[in-house]
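Here is what Swiss-Prot says about this protein:
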- 145-158: compositional bias 'Low complexity' (COMPBIAS)
- 196-212: compositional bias 'Polar residues' (COMPBIAS)
- Cys46-Cys62: disulfide bond (DISULFID)
- Cys66-Cys86: disulfide bond (DISULFID)
- 40-133: domain 'LCCL' (DOMAIN)
- Asn494: N-linked glycosylation site (CARBOHYD)
- 1-26: signal peptide (SIGNAL)
Amino acid sequence: MGIVVLTMKASVIEMFLVLLVTGIQSNQEMTKKMKRPKFTVPQISCDVRAGKITNVEFIVKCPPGCQDPRYHVYGADVYASYSSVCGAAVHSGVLDNSGGKILVRKVAGQSGYKGSYSNGVQSLSLPRWRESFVVSEGKPQKGVTYPSSLTYSSSKSPAAKAGETARADQSPPVPGTAAQPVTVTQAPGTTAIEATHTTLPKPSPSAGSTASGLRPQPAGQRSKDLGEPALWKPESVLLDAGFVPKEELSTQSLEPASQGDPSCKVDLSFLIDGSSSIGKRRFRIQKQFLTDVAQTLDIGPAGPLMGVVQYGDNPATQFNLKTHMNSQDVKAAIEKISQRGGLSNAGRAISFVTKNFFSKFNGNRGGAPNVAVVMVDGWPTDKVEEASRLARESGVNIFFITIEGASENEKQYMLEPNFANKAVCRTNGFYSLTVQNWFSLHKTVQPLVKRVCDTDRLACSKTCLNSADIGFVIDGSSSVGTSNFRTVLQFVANLSREFEISDMDTRIGAMQYTYEQRLEFGFDEYSTKSDVLNAIKRVGYWSGGTSTGAAIHYALEQLFKKSKPNKRKLMILITDGRSYDDIRIPAMLAHHKGVITYAIGVAWAAQDELDIIATHPARDHAFFVDEFDNLYKVVPKVIQNICTEFNSQPRN
C-alpha cells in the first residue's frame, strides 16, 4: 500500500513538472510572438511652440529651414516654452538647418531668459515665463517610453501641419522613468493627464468620472469627486515640475494676448515730471497721456516695451521694461503712480536712466533701439546738456516734450536756454515737441508714437558700436612669431567683440601682410559676431618681411573699396617693427579717402611711423605697448576713442 501511495505521489509530481515546463515554454513562445510596437517619431513644423505640447518629454523630428527668424526663440540653453521647439534646437546646436530628431524635456519656468545669437538664430530675452524646456540629441533613453503622437493644449493645435492627431481622450506616458506609467482618470471636464510618481499613492479607479461638460477644477482646489482627503492630484505634480495643467492653459492662457507690434520694437522709457509745480490735475493729465501712448503702442515682448521713471528732486523707477508685457498691465501700473513733488531735475533723471534703466537686469534687449521721452512742465531746474550728451553716447534716443514752456519774460530764470535743442541729437523738430498747454497734450500721442516707432530715423540709435566698416591690417612678419601672432588675433577678437555686428550694423574685415598681402576675409563675408570671431581664429600665421606701406595701399584697394557709403571707415593696423617700405604716401592716401586709421605698435615698432600712419591727432589714434601680452590694455582705449570721435561729429 505504501508503495502505491509513493508511486501516485511521484506521478503527481511528474505531471506538475511537465505542466510547469510546458507553461514556461508556452509563455516564452508567446513572448516571442508579442513583438514590441514600433516607435514612430512624430513630426512637427518649425512654428510649433513647446507650450502647445502637453507631453513633458518626447522625441520629435524637425523639418529643414527652422533657422528662419520668423520662428521666435526665447532664452539660451534653457528656453521659455513660448519658443519654437525646432528653432531652439538649431540655436542650441543640437540641429543644423537641415532638420532632424531631437529630445525635448520640459522643466520649470524661470526668470531672466537671456537672448543670444548662436548657430544662425537670434534668440530673444524674456523677463519670465511659467514653463521652460531643454533640447538634446534625439536618442531614446533606456527604459523610457516616448509617445508616437503628441497631445496639444487646444483643439486648434498645429498638429495638422505636421500630420499629427491631437487626442484629448488618450494621453502618452510620461517619460523619464523605467516604472510603468499610471493613467489617471481625470476630473469631469478636464483633459486626461498621465503622470508617474513613485512616492505618491495611486488614485482609486473610481476617483474620476466620465461625465463631461462641467467646469474644470482650478489648480490646487480640492475636487469633491476625488473624495477626502485629496492625496493625489495631477495638478500638484505638474506644478511642482514646472508644468501647467491643460485646464489652466485654457483659462489663464499660456501665451499673452498680444506679442506686441514687431514693426515698433523699441525699449522705451518715459521720464515724467512729478515736480510740485504741476499740481494734481495736470499730473493726472500726464498719466492719461502715458496710458494713451501705451494703448496705441501695442506693447509686448516681440514689440515695444515700456517703463516709467518719475523725477522731482531725484528720479525713481516706477516700473522697468520687464515688469509688464502688455498694454493693459502698463495702463494699470500707470494708474497707481502717485506724484513725488519737489523740483524738476530732468538732467539728473536723464543721467539716472542712462546708468541704471537700460540694462539687462531691467529688461533691456540690446538689439532694440533705446528711447527716452522726457516730459517737462515749463523748464528743468537743472542742466540737461551734459547728461543728454552722455545718454546719446550710450545710444539712447532722447525725445523732449515741453508743456507750457517759458515765456520771453520767464527765460531769464532758466539755467539753460534752448535746453531741448541741447538735449536732442537733431534740432530739426523730430526729437522735440512743444505743447502750448496741458489740455492739448493728448494731441501729441499719435505724432510721438509714429516717431518712436520710426526706427530708420532714430539717428541716435546709430552709435559708435554699430555704424562702421572696420578693417584690421595684421603684421604677419617673421619677428612676430607663432605664439605672439595668436595673441594679436586675440586682440583683434577682443576689439571685434565690442561691436554690434551685422549687415546693417558694424562689419569686420581683415588682411595679413609681410612682404606680400593676403585678404583673410572681406566686409561682406560674415554678418554675425560668432562667424567673425570664428574667422579670426582660423587666420594662419604667414611669416616674412614687413612692408607696411604696401599693406595700407592693399587695404584701401581690397577692403575699403567695398565699404558702404553710409559707413564710417576704420582701419586698425597692428605691427611690431619698422616698415621696409615708405609709409607716408599710403598713409596720406588713407586719410584723404576718409579712412580713420588707428596704429597699434608692439615691441620694436617705431613711434614716428605710428604717428604718420595714425589719423590726426596722433595721440588719439596711435598706441604703443612694449610686449604682446599687454595688447589687451589697449582695447578699452581704442573703443573709447572710437566712440568719442563718433559722438563729437556734427549732428544737426
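Just so it is clear, glycine is given a Cβ too, placed from its N, Cα and C backbone atoms.
Structure with Swiss-Prot features highlighted.
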| residue | record | DSSP (3 states) |
| --- | --- | --- |
| Cys46 | disulfide bond | coil |
| Cys62 | disulfide bond | strand |
| Cys86 | disulfide bond | helix |
| Asn494 | N-linked glycosylation site | helix |
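Fewest other C-beta atoms within 10 Å: among the disulfide-bonded residues Cys46, Cys62, Cys66, Cys86, that description fits Cys46. Taking only the Cα positions, the spacing between Cys86 (disulfide bond) and Cys62 (disulfide bond) is 6 angstrom. Cys46 (disulfide bond) and Cys66 (disulfide bond) are 5 Å apart (CA-CA, integer value).
Under 8 Å, Cβ to Cβ, and six or more positions away along its own chain, Asn494 (N-linked glycosylation site) finds Tyr632, Val635.
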